[in-house]
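Asker: Sharing the features that TrEMBL gives for it:
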TRANSMEM  19-39  transmembrane segment
DOMAIN    26-478  domain 'Major facilitator superfamily (MFS) profile'
TRANSMEM  90-109  transmembrane segment
TRANSMEM  121-150  transmembrane segment
TRANSMEM  170-192  transmembrane segment
TRANSMEM  204-223  transmembrane segment
TRANSMEM  284-310  transmembrane segment
TRANSMEM  322-343  transmembrane segment
TRANSMEM  355-376  transmembrane segment
TRANSMEM  388-406  transmembrane segment
TRANSMEM  426-448  transmembrane segment
TRANSMEM  455-474  transmembrane segment
Amino acid sequence: MEGEGFVAASKVNIYEGRVTAFVICTCLIAASGGLLFGYDLGISGGVTSMEPFLNKFFPSVLEQQSKASQTENQYCKFDSQLLTLFTSSLYLAALVASFFASIVTRIFGRKISMLAGGVAFLIGSILNGVAMNIGVLIFGRLLLGVGVGFANQSVPVYLSEMAPASIRGALNIGFQMAITIGILAAGLINYGTAKIEGGWGWRLSLVLAVFPAVVMTAGSYLLPDTPNSILERGQPEKARQMLQKVRGTQHVDAEFQDLLDATEAAKKVDHPWTNILQPRYRPQLVLCIVIPFFQQLTGINVVMFYAPVLFKTLGFGDDASLMSAVISGIVNVLATMVSIYSVDKFGRRVLFLEGGAQMFLFQIAIGTMIAVRFGVNGDGELSRWDANILLLFICAYVAAFAWSWGPLGWLVPSEICPLEIRSAGQGINVAINMIFTFIIGQVFLSMLCHMKFGLFFFFAGFVVIMTVFVYYFLPETKNVPIEEINQVWKQHWFWGKYILDEALIGLSRNDEGRDT
């Protein structure tokens with residue numbers, strides 16, 4: 001179909017080189033930055049379901065739970081703006097930090113940006129663990145947000161620039177894999193710390209965030225910078241040597257020349273944030289806005305933020321709610337492995353489309369089951385059989401997200417932008433992601449209270465819209481070198497009119513090679 005926008009292989013340079021142990025190791029270390037994001041996603045929901053934590057910082061929520069139990073309205077047990085502020089404040093800080101991270105990433109390199117993020121997250125973890133009042137608790141969350149903002153800005157770009165085109169998707173999804181591992185680890189830790197006598201288990205859950213912070217801080221200190229970033233800072237010989245080391249061959253002339261061309265184009269851009277608004281970058285700008293927007297409106301953070309709270313609200317016991325969050329976390333990890341295997345084999349579009357269809361079906365199933373069991377008034381309960389079926393539906397939904405919109409929401413924006421706007425494009429991607437993560441985190445419990453089971457139908461509607469958008473407006477980018485992505489846009493039925501011929505780096509050399 002015309003709208004699919006595939007690129008003929010003959011139009012794209014195939015660089016020499018192999019998949020080296022060096023590039024695998026560096027990408028795995030860099031991807032560990034996802035542990036920060038994942039651990040926090042998983043830990044906050046579990047902590048906010050623990051009574052000792054609520055009693056210390058949010059006693060009004062416990063009182064509200066008691067009233068909800070008396071009225072039997074299961075939808076409104078946890079409706080508290082102050083409680084959601086604890087969770088969502090991190091993402092507001094990450095939003096602001098992402099703009100500064102974009103500047104740091106471009107001027108000082110991806111490595112320095114990752115290091116800054118690790119240090120900020122480390123300090124925030126300690127403050128959260130020792131907090132004695134709500135002010136220190138929120139300040140610690142803000143520092144965690146700075147860490148997440150810097151990590152989410154720099155890590156996907158680092159991975160896309162380091163990885164060879166043939167496995168760029170799989171290595172980049174290592175970031176999402178680390179996120180899912182962080183979520184699962186947090187769920188297991190919450191399950192264990194909730195059983196600690198004395199009511200201090202929540203402190204251990206929060207302070208253990210220092211471990212992913214140390215991993216990222218130490219790892220980023222040891223990592224080399226990418227050839228693209230080294231070239232940006234005016235060190236061509238060092239960049240060539242790094243490219244040779246990354247690709248495992250001395251014959252990197254074609255790829256290095258494309259990097260030089262991209263760097264020369266980037267030098268002509270004084271203000272990438274202004275430049276990305278030009279019509280020639282319209283495809284990248286739109287995708288860097290729309291993809292993170294849709295990623296958050298899949299509704300996944302309803303499950304990831306508040307899995308224990310959600311399960312507890314729907315009638316699972318305390319232990320059952322935490323264990324159910326662990327089960328969905330395991331599914332998340334396993335499904336991400338599916339994405340790592342398939343993204344460079346079947347492509348990005350197939351995963352986006354299949355994941356969208358599956359998420360839609362199971363969101364409708366979840367909403368329908370909750371409607372039948374709890375109705376409009378929230379008066380009802382789940383039998384053991386009902387609870388197991390509902391958990392199965394949620395796991396199927398999580399699996400669909402984990403092999404589609406979860407990893408691809410970070411992969412695609414990081415690989416579609418030319419060097420001159422790459423830091424700005426990723427900054428926009430992170431900012432939009434954090435804006436809507438903040439909004440969803442802040443209003444979800446109120447939405448659940450007021451929209452009830454309709455909340456799941458609300459998100460299902462957005463899944464339909466975004467799946468249609470992908471079908472018509474997202475071209476396939478698998479196996480295309482990162483500096484030649486513009487050729488994909490040029491051949492797309494809609495976006496092609498925005499791409500100038502001079503933007504097609506490496507095309508003329510490829511044509512000359514075929515002529516000879």
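Using N, Cα and C of the backbone, Cβ positions are placed for all residues, glycine too.
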Asker: Using Cβ atoms and a strict cutoff of less than 8 Å, what residues sit near the transmembrane segment (121-150) while being 6 or more residues removed from its termini?
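Answerer: Those are 36-37, 40, 57, 82, 85-86, 89-98, 100-101, 104, 113-114, 203-204, 206-210, 212-214, 216-217, 430, 434, in sequence order.
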Asker: Which range out of 19-39, 90-109, 322-343, 388-406, 426-448 gives the transmembrane segment (204-223) the most CB pairs under 8 Å?
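Answerer: Between the candidates 19-39, 90-109, 322-343, 388-406, 426-448, the best contact partner of the transmembrane segment (204-223) is 19-39.
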Asker: Mean pLDDT for the domain 'Major facilitator superfamily (MFS) profile' (26-478), as a whole number?
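Answerer: Averaged over the domain 'Major facilitator superfamily (MFS) profile' (26-478), per-residue pLDDT gives 85.
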Asker: Is the number of Cβ-Cβ pairs under 8 Å between the transmembrane segment (426-448) and the transmembrane segment (90-109) three or more, considering only pairs separated by 6 or more positions?
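Answerer: These two stretches do touch.
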Asker: Among the recorded stretches 19-39, 90-109, 170-192, 355-376, which has the greatest number of Cβ pairs closer than 8 Å to the transmembrane segment (322-343)?
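Answerer: If we count Cβ pairs closer than 8 Å to the transmembrane segment (322-343), 170-192 scores highest.
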Asker: Six or more residues out from either end of the transmembrane segment (90-109), which same-chain residues have a Cβ under 8 Å from its Cβ atoms?
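Answerer: For the transmembrane segment (90-109), the far contacts come to 40, 44, 116-117, 120, 141-146, 148-150, 152-154, 157, 225-226, 229-230, 232-233, 272-273, 423-424, 426-427, 430-431, 434-435, 437-438, 441.
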